[in-house]
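Student: The structure is given below, and queries will be raised subsequently.
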């Protein structure tokens with residue numbers, strides 16, 4: 001009962017074909033925009049831009065790099081908590097993200113950055129941030145299926161995931177004109193339900209066979225804290241990266257900083273309260289402390305006010321930790337959804353809360369609080385949307401949340417069915433959560449002593465000196 | 001002789017009560033300032049600010065994020081060096097910091113950012129940095145008591161620590177009008193003596209019982225280097241984060257970069273010189289290499305000149321390493337101060353040196369070196385302090401150092417007595433430095449083989465595969 | 001046959017003498033420049049600079065900090081992959097970098113930042129970045145000799161390396177007026193051939209004696225991924241850090257982002273294709289994924305166009321991975337070059353490719369693509385070089401590559417001979433790759449059980465609980 005996990009043909013073929021396609025499509029479609037092109041010197045003069053420092057690059061580059069760290073180190077290391085799947089966690093995360101950002105630049109480019117005068121996508125720093133954002137949705141989904149799929153399946157998941165993302169994002173941000181600076185709806189809700197639906201379709205009734213590897217060891221938990229902390233620290237940059245210049249970015253960073261601080265306190269409280277002797281559980285500290293950042297994503301740019309951010313964080317820490325304690329077992333036993341990293345608790349529930357908070361706070365916006373110009377600026381009530389008012393905006397925000405949910409669930413079921421085909425080299429139930437399947441794992445010397453050899457044969461985990 | 005370390009009631013209660021209080025106080029007091037509020041668009045026009053890029057956010061956000069990394073990853077990972085207290089190091093550091101920054105925003109806000117027209121604290125990016133700074137003082141103090149206190153005690157320490165910090169900071173910076181951009185006095189001197197005094201009051205004569213856990217293993221030392229390096233690399237941001245726009249931030253970064261480079265060389269030299277066969281000791285490399293950043297804190301903004309910075313770093317590397325070799329044992333045996341991380345060598349002595357360097361370089365400032373306008377700008381000789389001259393300023397700097405010392409020692413003794421109450425769930429002597437007390441620690445599989453079971457019962461550290 | 005590896009005298013002496021010399025030389029030569037000096041307030045007025053935000057500090061500080069992370073965490077952790085040389089990897093990297101940046105500030109300062117009016121070197125943020133760059137060359141070279149040299153040898157290597165770097169850089173950038181924003185030639189080609197030549201001179205025919213330590217264990221590979229990812233993520237900052245303000249920095253970041261993404265895909269493909277069962281090899285993922293960043297260094301600032309960057313990354317992933325599979329064994333067996341980290345595959349070949357790509361793309365530059373002003377700006381066709389045209393520029397770029405190669409190989413052979421002197425305390429063949437020689441290594445408890453004692457004596461690696 002061992003699956004064929006040999007991906008010697010499929011993985012290289014997918015990578016090469018994909019990368020060559022990217023080169024061709026970029027050759028046909030992608031160019032620098034006016035701020036990253038050498039003609040900037042002329043553009044600057046024509047537009048009366050007084051200094052190079054007003055190039056969008058300087059408004060967004062620091063946030064971009066923080067987001068980049070979240071995508072590659074944050075998501076990658078957060079998933080290293082498994083005792084023998086750290087290579088897969090950080091390595092496949094790396095592969096998936098590098099793969100996805102290229103496709104995201106194209107997909108998002110066609111929707112948002114197409115220059116109709118010459119049919120080219122014009123890219124700048126904001127496109128790079130959006131590509132990272134887009135890939136974040138797929139990496140969230142990876143969390144649900146961590147250890148149970150092959151890298152080829154991950155690439156397929158990402159290919160479809162990025163495509164679906166670009167469409168739902170266009171509908172939510174452009175058609176519905178909803179605001180979602182930090183992506184509570186567009187990124188987290190979509191990504192989480194996409195991953196959960198895939199995991200539901202790929203349900204493994206006999207996953208218990210690899211139960212001994214589905215847990216952490218001491219140092220793998222410390223590695224995972226690297227991921228947690230870089231996500232936590234840089235979340236203010238995530239939620240402010242594509243917010244409006246000036247007060248928009250400023251306010252988004254403050255709101256996120258506060259929501260996250262509040263979440264830590266209630267996560268610790270709940271973790272202690274629900275363990276037998278008041279001890280803390282690393283699973284909660286690694287994950288639920290981040291829920292406030294997710295939930296404040298949509299409203300980060302709004303006048304949520306500092307205490308509003310604290311309240312959002314307060315409840316998300318509670319709900320997310322309760323999710324790990326009560327809801328995850330329920331999901332697995334009753335709904336047949338195996339969620340390795342608990343993304344339902346970290347991204348799905350907080351994402352939905354974030355969408356609701358966004359809808360309510362948009363609907364409650366007033367000229368008194370925002371100022372006339374401030375209201376117009378924050379919600380972009382200009383052009384075709386010049387007549388929209390806050391209450392109506394609140395309705396469109398809620399509609400946006402529904403779109404994200406539908407795309408996540410529907411897309412996930414479809415992609416899950418595709419991934420069920422027996423051609424992708426996924427591991428057998430007894431080989432899940434094991435790097436040995438897809439990686440050359442170093443032989444750890446201490447297992448060699450003959451006196452221990454017998455024991456080591458009994459125990460799947462053969463690294464004694466690690 | 002086992003203490004009751006069950007914190008199932010106390011920890012959740014403190015966290016919830018605290019967080020609810022924060023929400024109420026933020027609701028009453030805290031609002032966005034004019035640069036993070038939607039009215040910025042009007043404010044910008046009224047104040048003839050030509051571009052959004054002149055929002056203070058863009059001057060300080062990159063430094064803020066670096067400081068944020070120092071607080072959460074830097075301090076957190078620096079303390080992971082203990083073989084079985086890495087969860088406590090990085091996890092409680094996380095809790096304490098998230099807890100403290102909220103209280104700091106309020107306390108510092110009342111002193112520095114209160115808008116008297118409406119009685120509200122108006123916050124922006126600089127407040128976030130200052131809150132991180134304030135918490136740094138408490139995290140320094142945590143280093144002295146690492147492994148010996150309960151999380152509830154840490155929260156109490158932080159509550160009082162932040163309060164004391166805000167008061168001494170107000171006295172030093174506003175009343176005395178001393179300058180302390182990098183906080184040699186306000187942060188390091190205060191925080192270190194605060195922690196040392198607490199540790200003195202909480203002296204454990206039988207701490208030897210957990211001696212076997214008070215040390216590192218190979219990979220825990222590598223984890224600690226993550227903390228060291230992020231502190232070292234981002235220290236220029238720490239010292240320049242709230243310095244004056246333009247040359248002030250620029251100069252502070254240069255001075256810190258140089259002081260730290262110099263410290264590394266003399267730390268390595270001293271470490272090699274005082275070990276038996278010239279080998280290096282990780283304790284010195286992890287800690288003393290940072291002393292130059294502490295000591296250049298106050299004067300970073302001044303015209304210390306590049307070679308001045310090198311000199312400061314030179315001596316601090318020597319003094320700090322000698323501290324680990326000679327002074328720490330003396331502190332423990334004679335003065336009964338148990339200092340787990342050696343904060344006396346990393347923060348206390350370099351902090352005092354930093355205060356003195358600041359006083360001397362302020363007193364020696366001249367119009368020739370600074371320029372007329374430059375002198376006025378650097379020392380803010382304006383308003384009620386328009387008539388102050390450098391020599392006088394030097395005196396006030398020295399006075400500021402004394403204030404920091406007094407608050408640290410006095411406050412620490414008081415808080416230490418509070419923490420001595422037998423209600424906080426602190427560990428027994430034989431359970432110090434052990435994550436098992438407050439954390440669900442994963443069972444590491446390799447301990448299972450029956451042939452080793454007996455040995456593992458003998459050895460407190462039961463993780464064989466970690 | 002044990003070498004004398006006692007460096008108790010030599011290491012402290014070198015560090016102290018060096019640091020004192022630095023203080024004296026900085027005292028004589030180094031001052032703040034007009035943007036980091038308190039006279040900035042006057043300078044600003046005289047030069048009609050409207051806002052402090054136009055201080056070069058704000059254009060470059062975020063990139064500087066990213067580069068700083070690459071130097072200290074990136075290079076340092078990338079080399080922690082060896083099972084028992086992580087202290088040496090991250091610790092000596094720290095020492096060498098802190099040592100080198102000071103000397104680099106002087107050497108590069110004399111060539112590039114000397115103010116002839118007063119004979120002083122005037123430093124600002126760009127000098128700090130360039131010092132970090134300069135040291136990168138030496139850290140690349142360290143990769144070739146990792147585990148085989150003493151810290152004193154590393155310091156000698158760095159002293160000469162920085163000196164040679166400053167001269168070749170001056171020739172390439174100023175005399176030849178070649179462009180090399182990301183240093184494919186100046187940093188990577190020079191540094192790699194410098195290290196390889198030294199390793200060639202220091203060839204150890206009996207290195208097999210320490211073969212058991214020349215490999216990774218599970219968690220050391222995860223530590224190395226920290227280095228890989230921080231290098232990968234921040235490489236756009238590396239290549240754009242000293243690029244032209246505005247579109248120059250913007251474009252360099254985009255090109256590097258794309259080249260690196262492309263490299264990941266082809267590295268994974270090749271790694272899978274050439275392993276027996278399609279498994280991935282951590283050595284490739286840790287190293288070859290970075291090759292695209294190296295190779296796009298020179299041309300990052302040019303109008304390489306997005307698809308051009310993808311193409312460069314595409315080929316570098318392939319070539320670099322093939323290098324690890326076929327060329328490294330050949331280098332060691334036939335050419336007698338022992339290259340611990342495989343810098344030939346990560347820096348040497350991609351560096352040369354980068355130089356060639358730079359030459360071709362410079363030669364192919366046209367006024368149509370760049371615009372008249374854009375062309376002049378990008379290649380600095382001003383002053384004495386006002387009459388230069390792209391085709392000629394391409395020739396000078398190629399000449400620059402040759403200069404880097406000559407300095408690397410020639411300098412490396414010379415320095416290798418110096419390091420062959422039997423006075424530097426380098427380890428015997430059987431002690432290579434072992435931290436025990438130069439570090440106090442914590443005794444790991446699990447080795448104590450008597451039942452294992454015999455085995456542990458047999459096995460050099462005695463850390464059972466790590």
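In case you wondered, yes, glycine gets a Cβ from its N, Cα and C as well.
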Student: Which is it, of B:123-142, B:223-242, B:283-302, B:423-442, that TrEMBL names as transmembrane segment?
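Tutor: Result: B:223-242 is the stretch TrEMBL calls transmembrane segment.
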Student: With TrEMBL as the source, which of B:348-370, B:371-393 is set down as transmembrane segment?
Tutor: B:348-370
Student: Counting CB pairs under 8 Å, which listed stretch among B:85-106, B:223-242, B:254-274 touches the transmembrane segment (B:152-173) the most?
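Tutor: Counting Cβ pairs under 8 Å, the winner is B:85-106.
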Student: Going through B:9-30, B:85-106, B:185-203, B:223-242, B:348-370 one by one, which has the most CB pairs that fall under 8 Å from the transmembrane segment (B:254-274)?
Tutor: B:223-242
Student: Quick test of the contact rule: Cβ under 8 Å, at least six residues beyond the ends. What residues does that give for the transmembrane segment (B:348-370)?
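Tutor: Long-range Cβ neighbours of the transmembrane segment (B:348-370): 178-180, 182, 184-185, 187-193, 196, 291-292, 294-299, 302-304, 308, 312, 315-316, 319-320, 323, 378-379, 390-391, 393-395, 397-398, 400-401, 404-405.
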